[in-house]
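Annotated [4Fe-4S] cluster 1 binding site per Swiss-Prot: CYS29, CYS34, CYS40, SER265, in sequence order. Taken from Swiss-Prot, the feature [4Fe-4S] cluster 2 binding site applies to CYS55, CYS59, CYS62. Per Swiss-Prot, domain 'Radical SAM core' is recorded for 41-254, and the stated evidence type is sequence analysis.
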Amino acid sequence: MKSEVVVRINENFKKLSRIVSEKGISTVCEEALCPNIMECWGSGTATFMIMGDICTRGCRFCYVKKGKPVLLDHEEPIKVAEAVREMGLDYVVITSVDRDDLADGGASHFSQVVKAVKEMNPDVIVEVLTPDFMGNKELVEKVIGSGVDVFAHNVETVRSLTPLVRDARASYEQSLRVLSYAKNVVKKSSILLGLGESLEEVVETMKDLRNVGVDILVLSQYMRPSIKQLEVKKRYNMEEYKELEKIAYSLGFSYVVALPHARTSYRAKEAYLRAMANVKNNNRWS
C-alpha cells in the first residue's frame, strides 16, 4: 500500500513539473530545490517566480543570480493563470526578484498576474511575496488592489544585521513601512535565523512586525547556498524553535511556522485560514 502511495505522489509530481515546463514559467519550489516541494504540491500549493530569474540587488544571503534582468514577458500573466488551473492548485504564491530597473519595480506586472490568476481561477487564494518597491506606498497599494488575499514581504533579519545581510537599497525601516502600507489584507513576514542575531534581537523584530500588523510569522534556519554567501553563525535546535514559537504567539501572531526548513510559503493555506478566522473573531477591517 505504501509503495502505491509513493508511486501516485511521484506521478503527480511529474505531471505538475511537466505543466510548469511546458508553460515556460518558473516555480521557486523547483528552482530553489525546496525540501517541502512534495508536501506543498501535494496539498495544492505552489510558488511561482515572475519577472525572470536575475535580480537587480545583491543580498549576501541569497543565491539568486544578480545582473541585468530580462525583458518582461507580457504573456506571463496568462501562462501563470493557465498553469494554476491545469495544476489544480487552490493556493498560489507569486513572488519575484527585485526589478529596480523598472519604473514601478514591477508592481504593474504583479497586478496583471494576480488579476489573470483570479479571473481564470476565482476560488484560488493568492498570496504575493513582494520586493520592497523602493518603499513606495502607491505601488504597494496597487498590488494589493489587484485582489490579493495575503501580502507577504520579508524583513529577512534583525535591525543590526540588515546592512550586512541585505542590499544597500533595502533597509529594516523600509521593510516595516512596506508592511504598514498593506491594509485590509492578511500580512506575513519571515526571519532567517543563524546569521549572528541574539535572542533579544529576534524578539525585538517580532514586536516590530506585530506593531505594523503582521499576522503570520515564519522563522527558519539560514542555510548557506554556496561559499559566496554569508557563513552560518548558529544552527538552532528544535527546543529553541519551540521557545521562539511560544514567544511569537504570546505577542499576538495568528499563525507561526518555526522550523529549520520552513519557507515563506510553507503551510501557507493553513496559516491563511487561521489568520482570517482571527480577523473575523476580532472584527478587524470593519
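Note: Cβ is positioned from N, Cα and C throughout, glycine not excepted.
For CYS55 ([4Fe-4S] cluster 2 binding site), the count of additional Cβ atoms within 10 Å of its Cβ stands at 21 [all protein chains shown].
Listed in sequence order, the residues ARG57, GLY58, PHE61, TYR63, VAL64, LYS66, VAL97, ASP98, ASP167 complete the 8 Å Cβ shell around the [4Fe-4S] cluster 2 site centroid, once CYS55, CYS59, CYS62 themselves are left out. Within 10 Å of the C-beta atom of SER265 ([4Fe-4S] cluster 1 binding site) sit 28 other C-beta atoms, taking all shown protein chains into account. All protein chains considered, the CB of CYS62 ([4Fe-4S] cluster 2 binding site) has 19 other CB atoms within 10 Å.
Other C-beta atoms found within 10 angstroms of the C-beta of CYS59 ([4Fe-4S] cluster 2 binding site) number 21, with every protein chain shown included.
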